[in-house]
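According to TrEMBL, the protein has these features:
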- 104-125: compositional bias 'Basic and acidic residues' (COMPBIAS)
- 142-158: compositional bias 'Polar residues' (COMPBIAS)
- 188-204: compositional bias 'Basic and acidic residues' (COMPBIAS)
- 208-226: compositional bias 'Polar residues' (COMPBIAS)
- 20-90: domain 'N-end aminoacyl transferase N-terminal' (DOMAIN)
- 264-392: domain 'N-end rule aminoacyl transferase C-terminal' (DOMAIN)
- 102-234: region 'Disordered' (REGION)
Amino acid sequence: MAAGGSLSIVEYFGGDDGYRCGYCKHENGNFSHGMWSHTMTVQDYQDLIDRGWRRSGKYVYKPIMNKTCCPQYTIRCHALNFHPSKTHKKTLKKVNRFLSKGEMPVEKHDEGHEGEPMDSVHEEGVQPPPQDPLKIDHSEVQDISTSPDTDTTNSAAPTSPRDDAEKTTNVTPKPGKGADPNRPLCRKAKDLRKERRLQKEQQKQQEAVSSSVNPAPSKSASNQPKSLEGFITESLPSDPLHRLEVRLVPVSFEDPDFLASYEESAALYARYQMTVHGDAPYECGESQAETAPDGPDVGYGSFHQQYWLDGTIVAVGVLDILPSCVSSVYLYYHPDFSSLSLGTYSALREIAFTRQLQQQSPKLSYYYLGFYVHSCPKMRYKGQYRPSDLLCPETYTWVPIERCIPRLDISAYSRLNENAQAGDARALKELSRVLVLHRRTVMPYAAYARKRKGSNDEKEVEQYASLVGQTCAERILLYRA
């Protein structure tokens, strides 16, 4: 990302030609607009991803949603309200078992790493949950202490109706003498259970009165669902078998930590690309370094979140810290650890990191997971990081994913905003005000058009400006040769 005080400079390429889709493998069904960002400020990139753009290194692209074979919807998670699902908890516990005891799972949850080569952290292909969320047994979802309505210490052990019946009816009188007068009359099991319930209620009331006189410490905290941060650090002993350290390093060759770990990180990236994606060695080049201006304590910009296991880098998450969000760009990891579901694990760590940053910068409260592709079943798992929203491709407003799913079940492309009257609030209104960079001079497009009499690029500039929106078009410099 560009340093503070600088301007974004882009070169627009259009998007008329189709190319191979990484999701459905259609040879020329993937269509997108693209531009090369010579420099890009964090605010401009924030505004661009809120209009459906996404970066791969310095290349920024926007799918042509009503034309591409697999529409890709920008998805964001409300980090502050996020609660891990049962699958997420299992992943965190699995990693913690490996760290504390060295247990390495046999199954590989992160197989099938298709997807575009530089999308989000999750393109390593985590499979969606095997069950329909509506059919999950919710009694198994939360791993919390005994509920407040259950008294396991003072109540009698529960007995079944069958047990009660056996206790009261198995004594038969001797022939010819009738019931034994020395024994109490037989009672129905239902009456016995009712009596026990009443006794239990009376006992609770007595305990409540005594506790009001001598109040005991509150138990409400123990009955609260465990936080994401609690699950991340759960069950780790003081002397685990393996030690995991997570370091945040700015992507800058001026940073000593980045420079010191660059070769090891680049070697891991090459190994990941060749093993998982089948790239040739010459295709595994590292993107150019970017600097970060002042922002939260760590600053804004591009970062590597490095996962060091016993002194060795085993995974690197590429992140953009922006004014309103942490945007996940990519993850690469050592293939030997694929069974630990590092894609899911790193996403949960990044959500926790977003919550940490929000305490320093209040409006930084979202975690962007890249693109949600409903037409590709293996990419639907991103919708499990809830609560989350999808970006409407026509109005560029956010819609809760629960309201989007029924529409996407019917059609891969959908206007997600249900309000038919709603429009694009930042739609292009004045082409003349679009900023261009021509011969090292910044000028509005109207002045550029006067200089270049007979210029035939008006249609291209108008297309670019409509895609980035009026606000960005008046701030970003469009390079003109």
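Backbone N, Cα and C define each Cβ position, glycine as well.
All annotation found in TrEMBL is predicted automatically rather than curated by experts.
According to DSSP, the secondary structure content of the domain 'N-end aminoacyl transferase N-terminal' (20-90) in residues is 16 helix, 23 strand, 32 coil. Restricting the average to the domain 'N-end aminoacyl transferase N-terminal' (20-90) gives a pLDDT of 96. When DSSP labels each residue, the domain 'N-end rule aminoacyl transferase C-terminal' (264-392) comes out as 47 helix, 39 strand, 43 coil, counted as helix, strand and coil in that order.
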